[in-house]
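Student: After the structure tokens below, expect a handful of questions from me.
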Amino acid sequence: MAGVKIDGLEKKFGSLRVLKGIDLDIRDGEFVSFLGPSGCGKTTLLRSIAGLEEIDGGRVVLGGQPISKLPPAKRDIAMVFQNYALYPHMNVYKNLSFGLSLNGVPKAEIDERVQNAARILQITELLKRRPKQLSGGQRQRVAIGRAIVRDPKLFLLDEPLSNLDAGLRVTMRVELANLHKRLGVTMIYVTHDQVEAMTLSDRVVVLDQGKVAQFGTPLELFYAPRNLFVASFIGSPKMNFLDVSVKISGEKELTVSAEELSGEIKVALEAAAKDVAGPHTLGIRPDNIELVAQDEAHMSGQVLLVERLGTESQVHIKLENGQTFVAIARGTHPAATGDRVYLKFPAQHCHIFNGEGQAYPRELDAETRSLIDRQKSLHGAAQRGEEK
Amino acid sequence: MSGVQDRQYQRQKFVEKLTPYLFISPWILGFFFFTLGPLVFSFVMSFYDWPVVGEREFIGTQNYEVMLTQDPLFWDSLWVTIKFGLFFVPFNIILGLLLAVLLNQKVIGSGIFRTIFYLPSVISGVALVTIWAWIYSHEYGILNFLLGLAGIDGPNWLGDPSWALLAIVIASLWGLGGTMLILLTGLQSIPKELYEAAKISGVPGWARLIFITIPMLSPMLLFTFITSIIAAFQQLTIALLLTGGGPLESTYFFAMYIYDNAFKHFEMGYAAANSWVMFLIILALSMMVMKSSSAWVYYEGEMKKGGNKDA
């Protein structure tokens, strides 16, 4: 087992810079997801760690040993591919043992490792079958089994659940979480599905155009996004944004206003804001917008569409400036298309971003703060448990 | 009323069923007149004494009996063809595979090399043979010139019975571009993740070729195996134009034997019987290969009997 340290990793495809100086410090035994939209470089980053892509700068250190110059086989890693990459002409047993037998591992030990992996993944009955004769979930397990038999220091998983149907994906997600707990090995997981990233990970790396936009625990990303990209990428439906300007910059607070807003919004910050001139952006999540009576509201708009999901209603609202906001109201909220509604933005839920799109760290309420802190420490606790 | 409607409906159905056949009718007619017809006709011919001019006479299986028991040329030419096949078939496949693997690498100019290697397959057979005649020429040939530079006294390639067959094998292999192309398309359809997974598992390059590439390529290898066997038995052009069967009948191929019986000795019935024997030999060999294939060919879409689809 070992942590992964990545320093200034650069990767170019021709003249295109795909990874622009990635720095990451992944702890031993941690489950880390690389999350981002397609083309953000997350798979390239994973393949660079695996050694399947040659890097153009920087280095990768695994458990204290620099591995960027080693061939993939010498890196002590295992990788699970998106399309499983099982050898179709070999049965499951051969698929699991193929690499080992060519590396001179004694037969008895191979058998032990294969049987052990099969037991962990509950595929013992399938060892004689060919991949074609397996369901998607079973193939996925075999692919993971091929990683387990290698007993690597680091697991790399490239969108391993994306080929499964929705129900199976949830099941496999839980199994992956359990597997990580059981093996205690460092895992890096690439996904574009934020639900997977949020539920599985100790920490998440959000990538934006080849750069790390934020590296933090799932709740940190959600409640304390560092920039506009993370704020808009994490959470569904997306955060709403409004151009504002700063009226007053207090010691640990910021008061903003905009033409469209009636009244001002005063947001509490962790520290005093610097350089508050110029355009700013206010962000608020759909579930934090309150639909209220006219006299309490910051803004009004016309309902474009109401999507009723049962437990909640997603109300799409056209503002007077032409922008569309989404608010989440209770499932039985009476709003209907064409209605005029009045929106309130509770200050404790507002995010403020400066002209460069960087967030001012806001003061979180005690409950949220303690949740985030707990998530941060959970990993450490699990770690100590493992070491006993 | 309903009777009329019913008849109209039947008519329409008939037309609908007929339409596709009308569309492929040119091909069907061609097949009947130019393929199946001559095939059946030649079978009938093989039981006749059938000179090009003169009386035709039904002689039963006499053509076959003579061929098998009294005509040493039959056995000699068959043996030459088999010897040729034993060299040509494996080299055609192995060299084709190696070339395909090379050309499948991501190197600059691989497209140009692909074209160059395929070029001989496009060139007309006669031009090809003419080029090889120059290459092999005992006195002016470039091959012996080059060998001479290396201090080797080159043999009389086409004039020496112990070298002529080999010379023809080499000239035939010049056209392995087709085999290479088939295997190259096969290689490109193998998912690259299989190799990446193997790389990470520490599987060395030679093992990736043997345990991944070849099994994944096996349907194409089977195809080229069978077509190479057929090509070996049909070998005619190169030998006919390069050596004319000599020296001392060392390159007297089976196809040439048939050709001579038909167009030199004008024994059409006998030549037809020869052809049918060749057909049966190719058929038997192909069937043997096909039969063996279940042991070494892996089909992507295949589901083994008794396999559980989903569990």
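Including glycine, each Cβ sits where the backbone N, Cα and C put it.
Not my notes, these are from TrEMBL:
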TRANSMEM  B:21-48  transmembrane segment
TRANSMEM  B:78-103  transmembrane segment
DOMAIN    B:78-289  domain 'ABC transmembrane type-1'
TRANSMEM  B:115-135  transmembrane segment
TRANSMEM  B:163-185  transmembrane segment
TRANSMEM  B:206-232  transmembrane segment
TRANSMEM  B:238-259  transmembrane segment
TRANSMEM  B:271-290  transmembrane segment
Student: Counting Cβ pairs under 8 Å that are 6 or more apart in sequence, does the total for the transmembrane segment (B:163-185) and the transmembrane segment (B:271-290) reach three or more?
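Tutor: No, the transmembrane segment (B:163-185) does not contact the transmembrane segment (B:271-290).
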Student: Below 8 angstroms Cβ to Cβ, which residues of this chain, lying six or more residues outside the transmembrane segment (B:206-232), approach it?
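Tutor: Hits for the transmembrane segment (B:206-232): 81, 84-85, 88-89, 92-93, 96-97, 101, 172, 179, 182-183, 185-187, 190, 194-195, 198-199, 282, 285-286, 289-290, 293, 296-300.
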Student: Are there three or more C-beta pairs under 8 angstroms joining the transmembrane segment (B:115-135) and the transmembrane segment (B:271-290), sequence spacing 6 or more?
Tutor: no
Student: Cβ under 8 Å to the transmembrane segment (B:78-103), counting only same-chain residues 6 or more beyond its ends: which ones?
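Tutor: Hits for the transmembrane segment (B:78-103): 110, 113-114, 117, 165-166, 168-169, 172-173, 176, 179-184, 186-187, 209, 213, 217, 221, 224-225, 228-229, 231-233, 235, 249-255, 281.
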Student: The transmembrane segment (B:21-48): which same-chain residues, six or more beyond its ends, come within Cβ distance under 8 Å?
Tutor: 56-61, 63-64, 268-269, 272-273, 275-276
